[in-house]
Structures are given as structure tokens and as C-alpha cells.
Amino acid sequence: MDKVSEILLLKSIVKELVEKIKKTDFLTYFKKLSIVSVQDNSISFWVISSFAKDNISFKFYKEIKAIVTSQYPNIQFIDFQVDSNIDNPSNHKVIDCFKEYKDLTVKKRKEDFEDNNSSEWMEIKTINDKYNFDNFIVWPSNQLPFSACEAVSRKPWASYNPLYIYWNVWLGKTHLLQATGNTIKWKFKDKKIIYTTADRFANDYITNVKKRTLEKMKEKYRSIDVLVIDDVQFLQWKESTQQELYNIFNILYESNKQIILSWDRAPRELTELEPRLRSRFEWWIIVDISAPDFETKLAILQEKARAREFIIPQEVAEFIAYNAWSNIRELEWILNQIIAEYELHNMPPTIENVAQRLNKLAITDSLLWTTKKNKMSIKSYDELIDIVSEHFAINKKDLLWDDRRKENMIPRQVAMYLLKNYMNYTLERIWNIFSGRNHSAVLYSCRKLELILKKNQNLFYEINVLRDKLWI
């Protein structure tokens, strides 16, 4: 194989990898690439570091071998070696993968633009193909919006139209909306779909007003078959944009076009929205979603680790699921931290080092270890009160009564904390259990205990012992 053939092979490898693997993986591991030697049935590559070598060999061996053998069928074996002088300017066989990546992505953007002939349908490009219904984790409180979106994707315009979904941030709404758009795109290839955010819609409106091309924008939105707008709460206080959106909605609805919107609250709470637009939302089909429970967070974390081809120990996954806030974005962020520490510092995930990371980054006010978690072994608050009073060796009546004695204060705070965080009791329900307490006092007690847990290691472990008694 001459030098020209080597360079062409390297470029083809880079081109196909850019299309097949994640951008972050490519830019992390493939900084420079060169060919060491070519024998009768084998080829050796140079890479820039042992870190790159280990990850490329483990994660991308099959892809690279397939590319090589498609051009040189006689090649049966490939391997990777580290060359610390790969950056030497005299080495003309080295491919600068960063530069190749930039050139390829610029070319692709240009081709995409030319294929579309204008920016008219560029909004469809914002739908990410990785989002689908198959990799969406369903739990009881998101079953309804999931089912509604799936029904819409199977038969748009027939039912659940318009569809309005509201939920708290970082619970997977963007995934669900894009999965709906993707499924419609795959099943109805002739249909025009726009997925956009409220901010992007507002910017689109402002830009067209300035360019005096508002009619073109109106025609674009009015001629589509499916409109999906995410985070519509950001249209509040934007009166002109609301007016235009209201007109577009009316035209699409009267033409039996599918409309899907998401918000982070119920329509009645949209106080800064034009009344007639808010009123329109209120008679649409509305579904909401609440935060995932422990089992669901655990399933989400394990699924995302599997998608990253990373094995996370069961006890570590359970520890994270207990201690993370109840949103998906944080679970992804924690997983990214764990994978980065493993890949960059060869630090395997353990409860201890994960706890240090979470404490350092203030993920949660207090961390609880986990040892056994299948389902709650108790059925009522009475059983929990019995467990706490027995553990601290105090009378049950003293635990429930607000007598201000110091020896009873901590057990009482612990009981409130466990009711709130592990049995999901509301503050009002808790203060009804404890005589003489209101919901503010309950909240204060829980927060005070969390502060104590940061400093009192013995109490920290007491909580874990009690928490384990709640589960079987």
C-alpha cells in the first residue's frame, strides 16, 4: 500500500466514523491517526495515547475493521499502537482528525442546505433521531402522556388533537415530543413537520418582522401537517408573538392539522399569557406528569448506562437513584461524571467515590447509603412511628407530642424526614400526625435534620439503619 492509498484509507475511516459514532467519542479518542505498517493480512495504526488506544480497541474495533476490509478484503487483523511523536510535522501520513471532522461537518451542512433549497424546512433537522418510543422509560405517572403521544404518532389528526402536555423540567418531555415527531416522520414521509421551541419560534417571528418577510413565515407554518412546540411558557410577555401563534393555531386546527405543545405548568397558571390563548389551551386535551419514583430512576439510570456500553454496579446505581433529585437530566449528568472518571482516571464507580462526587458538587443536601431495595415493607405511618420509637427507645406518645425535650427532638425529626422522603407524605399530612405542628414546622424540622446529617456521622448511619428497615 503506497502513501496515497494510506491517506485515502485514513480519510475514509474518519469519514465513516464521523457518521457512525457520537461526536464526543470521536473528538475524544480520534485526535490523530496514522498507519504504522501494512503486511499481507494485517494493518497497524498509530494513535496519540494509551487512553485513546484502549478505548478505540474496546469500542470501535469492529467498525474500523469493517471499513478496512471493505476496501482491502485480504486484511484480517488490525491493531493499534501508541506513538508519542505522532504530532511531528514531518509525518505526512498522519491525519488530523479534528480538521477532517470540521471539514466534513461544514460540507454536510452545506449539502443539507442545498438539498432543502432554503431554510423553509430546516426546523425538521432539530428532531434528533436518537429519541424514540423504544428507549423512553415509562413509569406510572407518565403512562398517560406516553400513551397519548404514541396514539398521535400512529394516527395523527384523528384523536388527541390538539394535545397539550405539562410537567416539571427534566422529566423527559423533550424525548417524548421528539419521539412523536420522529415516528410521524418515519411513518408519513410525505408530511411536513415542524418541531421547534417557543424561543426559536419567537426568534423566527422577530427575524421575519425585521426582514419584512412575515408573510413567508406565515405561509411556512400554515402549510405544515404537524406542529410541535416545546417550552411554550417562554412566550409569556411576548404579545405580538402570541398573537401570531394564536392565528397559526386557528388555521391549523380548522384544517385538521396535528398540534402538540408542552409547558412546565397547568394552563390556569399561565398568568402572563393572552387570555384568549390561555382559554384555548384549557379546552385542549391535557395530560400531566410527575417525578419518577425510586424504581423508575433506577431503571432510567441502568438503561442510559447500557446505551453508553458502561456497566454500573447494582449497589452504585441504587445509591444514585436514592440520592438524585427526581429528574432525568441529573441522572444523565451523574452518569457522565462516573464514566469520565473511569475513562480518564481509571476510577471504577463505588458508593464511596460517587458519594464524594455528589457531596462535592452539592447534588443533594444529605446522602443515604442503600443496601436492600425492592419494595416498602411497611404499609402505614403507624408502622414507621413504631420502628423509629423502638430504635431510639422512646415512648411512641413522646415521639408524636411536641414536648420540646431535647432527647425527643432528633427522633421526632427523623420520623418526619422518613415520612416525607421515603413514604412521600405531604407536609400537611405529616403535621396532622404530629400534635401541635404545622406544615412550616415540619419543613423546618426536615431541613434542620439534613444540616445535622452533614456534620453528625453517627446519626447519618442511624438513618441508614432505619431506612433499611423500611424495605424488604
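Placement of Cβ uses the backbone N, Cα and C atoms for every residue, glycine included.
TrEMBL entries are annotated by machine, without manual review.
According to TrEMBL, the region 'Domain I, interacts with DnaA modulators' annotation covers 1-117. Positions annotated as region 'Domain III, AAA+ region' by TrEMBL: 126-342. If you look up TrEMBL, you'll see Gly172, Lys173, Thr174 marked as ATP binding site. The region 'Domain IV, binds dsDNA' annotation in TrEMBL covers 343-472. Look at TrEMBL and you will find 380-449 tagged as domain 'Chromosomal replication initiator DnaA C-terminal'.
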Notebook entry, point to check: How do the residues of the domain 'Chromosomal replication initiator DnaA C-terminal' (380-449) split into helix, strand and coil according to DSSP?
Noted result: 52 helix, 0 strand, 18 coil
Checklist line | Overall pLDDT of the region 'Domain III, AAA+ region' (126-342), taken as the mean | finding: 82
Notebook entry, point to check: Using DSSP, would you call Thr174 (ATP binding site) helix, strand or coil?
Noted result: helix
